[in-house]
Each structure stands twice: as C-alpha cells, then as structure tokens.
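> From TrEMBL, for reference:
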| type | residues | note |
| --- | --- | --- |
| COMPBIAS | 509-518 | compositional bias 'Acidic residues' |
| REGION | 459-518 | region 'Disordered' |
| TRANSMEM | 28-47 | transmembrane segment |
| TRANSMEM | 54-72 | transmembrane segment |
| TRANSMEM | 78-100 | transmembrane segment |
| TRANSMEM | 132-159 | transmembrane segment |
| TRANSMEM | 201-227 | transmembrane segment |
| TRANSMEM | 259-278 | transmembrane segment |
| TRANSMEM | 290-311 | transmembrane segment |
| TRANSMEM | 318-338 | transmembrane segment |
| TRANSMEM | 350-373 | transmembrane segment |
| TRANSMEM | 385-405 | transmembrane segment |
| TRANSMEM | 411-430 | transmembrane segment |
C-alpha cells in the first residue's frame, strides 16, 4: 500500500513536494533487502544473548517501529526504520523456527513424561518427537500463509476505492507475462483517481500498529521460554567466539550443503509469486485493482493446503518436499508459454487457479523443509545455528531478486527453473547418501566454561540441602553420566539439563567437603 501511494506522481507532488520520495523509496528497499545479507554474522549471537523468545519479541517490535514511521514520512524516519527492519528479518524467522521445533520436543517430553526416565537420565529416542514436529509446523504455516490474505485488508477496504480502472492504468502496457521485462513497464504514473485524506491514512496505520502491538503482547504473555534457565546459561557459556564461528562450521555438514539450493529456492518462489506472477501476469493483464484478490487466493490456497504437510506422518519424508517442487516446476514450464493480453478479464479464473496451485507448492515446501531440519538436527544446542543458515539463504535469495528486478521475465523464469531442478537433484542426492550411511561431519559443541563466583546456579534438585540420601543419589548419578551418545557428542553437555558433566571445580569441592556438596 505504501509503495502504491508513493508511486503516484500526484500524491508525491501534493503531499511531499520536492522531498525526493522516489529516492527515499529506493533507499528503503535497499535497506530491507541488503541488510539481511550480513545476518549470519550477528543472528546466533542475538539469539544466545537475549534468548529465543525475547528475540521474537524485539523483532516484532522493530516491525511495529517500521509501521509507526508512516505517521511522519521523512528521510530520517523511513530509511533508518527500513534498515532496522532488514536487520530484524533473519533473527525473527530463525528464532521462530527454533522456537517451534523446541516446543514440539518439549511437548513430546510432557506427553511421555515418566519419573524413572528423569532419575535414570534417559534421552528420548531419536526421531520420537517427529509427529509433534510435523503438526506444530503445519499449524504455524497455516496461519502464516493466511497472513497473505489478511494483509490485503488495507487494499480491499481502503485503497481500492481510490484507484483508477484498468483502462487508465494499463493504457501504455503492450506486453504481459513471458513477453514482459522489468516490473510493469508502461504502467501509468498516476494510479489514484483522488487522493486519500490524511485522517483516513492515520486510521489505517493505527490499525496496523495495533496489530503489531497485539503480536508483541501475545509473544510476551503466551510464549514460554524455549529453554530452562540452566540450559540458557550453558548455551551462552560456550563462548561468544565459538557462537560466532559455529554457523560457518556447520556448513561442513554435507546434509546442509545439499539443502542450500532448496533454501535459496524457497526465497525465490515467494518473491516470484508476489512480484513476478502477481505484477507481471495478473496486474499487467487485469489492472491494479486485482492485486489484492490474486494474493488473497494465494494465501487462502496455501493456508488450506498446508494440511497436506501432515502426509509426512504416513509417507516417506521425501514425498511432500518433492511434490511441492514438482507442482512449481510444472507451473514454471507453463509460464514460459503464457503471455496474457492487457486489459482482458475473460480468463481471470486462470490467475486465481494458478495462485492457489502455487500456494499448494509453497505450503509443502515450507513445512517439509522446516520439519526436515528439525529431524536432521535434533540437538537443542544446534537448532538456532541451523535455522539461522536456512533463513540467511532465503535472505540471499531476496537480495538476488532485488538486484535482478529489471531482468526480462524469461530470464527470471529460467533462473527459477534451474534453481528448482538443482534443488530437487541435490536433495535426492542427500537422501541417497543417508541411505548408504555416508558419515556426515558435525562440529563439536564446546563445553560450557563458567566463571565461578559463589554459586553458579541452583540445579533442579535442591543443592542447598546437604547430607540427604536423595542428594547423594543424584550426585552419584551425575558422576556416572559421563557417557557419549551415538553421534559422538558428549551426553553431559550443560545444555542437556540435569545430566550434565561435572566440572573440575565441583569435583574439587567434593574432595574437600564430602560427596554431594557442591
């Protein structure tokens, strides 16, 4: 809505005069699209420093800040807020993916809780939380894709009443679809029949601000912590230098490298349906007033068919991901031969059907990828790094789309086709390697290094009680927890809870004060 208002020449001249709004818009787009490229350097540090829940809260707060700058549109408000928004994109999505995965694991522990498992310090079997992981991500992405439909509210209920019809806006447009190039070349520079009143704009912006604040309150009030306090301390205590390096070290794992093309493609396909298809095919043929209905059809289609992600519960995990990519592959091939005529509405149902089908592929793609990462990387001390890499690759794709916005449509389709083919081949190659039991390389998570200043922190068992039988039993179990799991990772890492390794200073205290005295 903001870009459409700023696109209109009359709106800019009347409201902003010689402020140079087009230059401000270009810098805003640059701030939003370029800043996430460096997110891999700071996102893990932010998540470990603030915690998963608080990163989500702060990132949504930055979104609210971006909306609030529209009350007073100036260079010094719009551009810095756009840069801040670009900084928050990857931390928001990385922490959200990590949070949903952790909640599925904690929910499995809650449903299958047995006291003897806690006393014996048993780990859940690998893959046991997978059904809950699939269900949680399916529910989340159903609501996420529904947001594409809800986001058209300002267009449908407010801005559409001010727009010119297609006969005016498409007067100089001569080619659409596969024959087009750039974004809406020949589109009329005036799209508003009359200018909206400032009071009406303030009402719309206030509604958006209230939704942003509601999101912040929901996170604050309803979202619990992803980790126990002792786990968060241990996750931070591996050292900030190690936290900075570990995302790069995880890239040596061939499973992650084989998924890189799919990560890139998942960024490409969302940007293509919002810009390439919606503008280059839909709006170019039917007019700007059909922008909101097309995106609404995409959002509803993706939200409804997100339930297909539950197929992972009864089918091999390769099926949903490959099926979603295959749907997109067939549509991309059809796009190469589709050049709709401008100002023609007789085939409008085709645009809605294509939008829904693209939403089906997007839903399967997003759910299957997030679930696959949660299955391949179950260790809670690795998940924030993995989801950071995933969404950083999506940010790279967004940056590439920003750079190539002026390319011909056939070039964009060729890049999209090549990416989806490479993604499918690379993913199936990874599954073949796993089936052949090819060893993968995981970096070692350093053991937490705590500074001893009095009590480090209280354990789940009451460390203030001394001399009790229960305490001596728990101390004995901790001494005997120095095993390793099947992946070669120490079971006693502090982030794994009460069964952590004991540190030298604790053993020294035991030698001086007797067993069980920490």
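Cβ atoms here come from the backbone N, Cα and C positions, even for glycine.
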> Between 28-47, 201-227, 318-338, 350-373, 411-430, who has the most Cβ pairs under 8 Å to the transmembrane segment (54-72)?
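Stretch with maximum Cβ contacts: 201-227.
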> Select the range from 28-47, 259-278, 350-373 that forms the most Cβ-Cβ pairs under 8 Å with the transmembrane segment (132-159).
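Maximum Cβ contact count belongs to 350-373.
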> What residues in the same chain, six or more past the boundaries of the transmembrane segment (318-338), come closer than 8 Å to it by Cβ-Cβ distance?
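Contacts of the transmembrane segment (318-338) (Cβ under 8 Å, skipping residues fewer than 6 from its ends): 177-178, 262, 265, 269, 277, 281, 308-309, 311-312, 354, 357-358, 360-365, 367-369, 372, 409-410, 413, 416-417, 420-421, 423-424, 427-428, 431.
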> Can you tell me which of 78-100, 259-278, 385-405 gets the most C-beta pairs within less than 8 Å of the transmembrane segment (28-47)?
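Checked against 78-100, 259-278, 385-405; highest Cβ contact count belongs to 78-100.
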> Do at least three C-beta pairs under 8 angstroms join the transmembrane segment (290-311) to the transmembrane segment (259-278), pairs 6 or more apart in sequence?
yes
> By a Cβ-Cβ criterion of under 8 Å, what residues six or more beyond either terminus of the transmembrane segment (259-278) are in contact with it?
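For the transmembrane segment (259-278), the far contacts come to 183, 291, 294-295, 298, 321, 325, 328, 335, 354-355, 358-359, 361-362, 365-366, 369, 372-373, 389-390, 393-398, 400-401, 405, 409, 412, 415-416, 419-420, 422-423, 426-427, 430.
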> In the same chain, which residue numbers or ranges, 6 or more beyond the ends of the transmembrane segment (385-405), come under 8 angstroms Cβ to Cβ?
29-30, 33-34, 36-37, 39-40, 43-44, 47, 89-90, 93-95, 97-98, 101, 182-183, 246-247, 250-251, 256, 259-260, 263-268, 271-272, 275, 369-370, 373, 377, 411-412, 415
